[in-house]
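*Asks:* Not my notes, these are from TrEMBL:
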type    : residues                     : note
BINDING : HIS59, HIS61, HIS103, GLU105 : Fe cation binding site
DOMAIN  : 25-121                       : domain 'Pirin N-terminal'
DOMAIN  : 188-281                      : domain 'Pirin C-terminal'
Amino acid sequence: MTARKVIEVIRGRATSDGNGVNLLRVFGGPRPERFDPFLILDDFGSDNPDDYIAGFPPHPHRGFRTVTYMLQGHFEHRDHMGNVGGIKDGGAQWMTAGRGVIHSEMPKQTDGKLRGFQLWLNLPSKDKMMAPDYQNIESGQIAENHIDGVSIRAIAGAGQVNQQVVNSHTEIADTEPQIWYLSHSGKTAKSLTISQKSGRNVMIYIAQGELAVEASQWRGTAGSLVRFEQQGDVQISLGPDSEILLLAGQPLQEPIVQYGPFVMNSQAQIDQAITDYQNGALTTPAV
């Protein structure tokens, strides 16, 4: 199969969210269909506690799910359903907002380094009003695959790299999308061919080091995200001491209307979400 070419390169922009948490917004905003089924990717982290200590106090969501992966540090999740879960080094959490969730994410450390990623993943229209759910995944529950000197942590989705199987042990292993964290600590670059289904949107975010895409004669460094065309496999060269986040998913191809923490298919649905939240009915099951 031919190699996919790069069709867009994005540099993350510095911003703040929650109660003043400084982060890098890798993508999210205008023309969200480019990233379908993904909505937002944030890279958060700092050695300075002033950048994260205020956290994310209670706030609402509806119509999508969040996936958080923590490289280093400790955050605590609490929600209106009574769930309390700590996400620590190497751990992940899946939160399905569905018809509505109110939750907080607060740091459980007052100093030291914190680094992680949060991804917003859209829900199809038929699932936007489903019951909310929360799943905490400890580091040891995430499958770590080693292929040709590269560590591949499959947060979600199985697949193949260099014609070798990449397994995932979590309950969402066989579902769309693929969310993998790849790291290479060697001193020479590694060539990888990542098999992909036609039609998928595939993106790679460089978290550390360098990445090259031979088919496009492109080379980038940390803070860059590349988006590929929808046909072919992904052929890359991962630089020494480099780490990347791979995102691959089948587009939903449905209207995307977002207003802050609500992501629906129409403005009328957004208006209803706002009304429900203001009236205290966001988390109430439909009759």
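Using the three backbone atoms N, Cα and C, a Cβ is placed for every residue, glycine included.
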*Asks:* If you count Cβ atoms within 10 Å of the Cβ of HIS103 (Fe cation binding site), leaving out that atom itself, what do you get?
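*Replies:* Excluding its own Cβ, the number within 10 Å is 21.
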*Asks:* Check the binding-site residues HIS59, HIS61 for other C-beta atoms within 10 angstroms of each C-beta and report the one with the most.
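*Replies:* When each Cβ's neighbours within 10 Å are tallied, HIS61 tops the list.
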*Asks:* Counting across all protein chains shown, how many other Cβ atoms sit within 10 Å of the Cβ of GLU105 (Fe cation binding site)?
*Replies:* 22
*Asks:* For the domain 'Pirin N-terminal' (25-121), DSSP counts of helix, strand and coil?
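*Replies:* Counting residues by DSSP class gives 6 helix, 57 strand, 34 coil.
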*Asks:* For the recorded Fe cation site formed by HIS59, HIS61, HIS103, GLU105, which further same-chain residues have Cβ atoms within 8 Å of the site's Cβ center?
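*Replies:* Near the Fe cation site, the remaining chain residues are PHE56, PRO58, PRO60, THR66, ASP79, MET95, VAL101, ILE102, SER104, PRO261.
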*Asks:* Over the domain 'Pirin N-terminal' (25-121), what does the predicted model average in pLDDT?
*Replies:* 95
